[in-house]
Amino acid sequence: MGAAGLKVPEMALRLCVVPLSLASLWEMASNAQADDTYGEVKFSDLSGFSYLVGVNAVTAAYAVASVLASSFKRPLAARYDWVVLVMDQASAYLLVTSASAAAELLQLARHGDRGVSWGEACSYFGRFCGKATVSLALHAAALACFAALSLVSAFRVFSSRCHPPPDADGQPPKHARDEEQRVYHY
């Protein structure tokens with residue numbers, strides 16, 4: 001299967017990222033719980049959760065932009081393959097770092113850390129922890145999509161480097177024709 005054969009799965013992955021990122025964003029951004037005894041907790045009280053919301057917004061916006069950009073005809077889109085590869089990689093890395101930050105906060109909320117006198121909080125704010133867990137799971141699914149997209153983008157870039165696209169007249173580029181005609185003698 002060539003790079004052109006990956007067009008439909010690539011578009012499907014890009015389209016999947018949008019609702020996954022937006023659902024994760026919504027689940028976390030609407031996450032707050034109040035308790036008469038222990039007060040209130042909101043996602044914005046914890047920087048790791050705020051970071052997750054921000055990264056979800058950025059990756060959803062990029063996914064929409066990349067769907068629009070990849071809907072152009074291939075010769076125009078081919079010029080931007082390197083940009084798409086770098087942006088897919090950057091999105092995947094942002095998703096990894098924000099997932100890591102949110103997972104650490106959830107771990108502390110569930111189990112605490114006696115060494116630094118951080119008590120567990122999920123027994124008091126169970127709904128908050130549940131929504132944060134759902135948001136993190138949706139975020140991980142978006143991460144899986146971007147990991148696959150990074151592989152597809154890399155395949156496209158590096159397979160096109162080995163086989164240059166034809167000129168406007170449908171012929172291989174002049175340097176490729178010259179290389180094919182050269183005879184090597186040992």
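Every residue gets a Cβ built from N, Cα and C, even glycine.
On a predicted model such as this, the values are computed, not experimentally measured, just so you know.
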Membrane-wise, does Swiss-Prot list GLY5 and SER71 on the same side?
yes
Considering the transmembrane segment (6-26), which listed stretch of 49-69, 82-102, 132-152 counts the most C-beta pairs under 8 Å:
132-152
List, by number or range, the same-chain residues at least 6 past the topological domain 'Extracellular' (27-48) whose CB is under 8 A from its CB atoms?
56, 98, 101-102, 104-105, 121, 124-125, 127-128, 131-132, 134-135, 138
The transmembrane segment (49-69): which same-chain residues, six or more beyond its ends, come within Cβ distance under 8 Å?
11, 14-15, 17-18, 21-22, 24-25, 28-29, 31, 43, 77, 80, 84, 87-88, 91, 94-95, 97-99, 101-102, 105, 132, 135-136, 139, 142, 146
What does the DSSP secondary structure composition of the topological domain 'Extracellular' (27-48) look like, as residue counts for helix, strand and coil?
8 helix, 8 strand, 6 coil
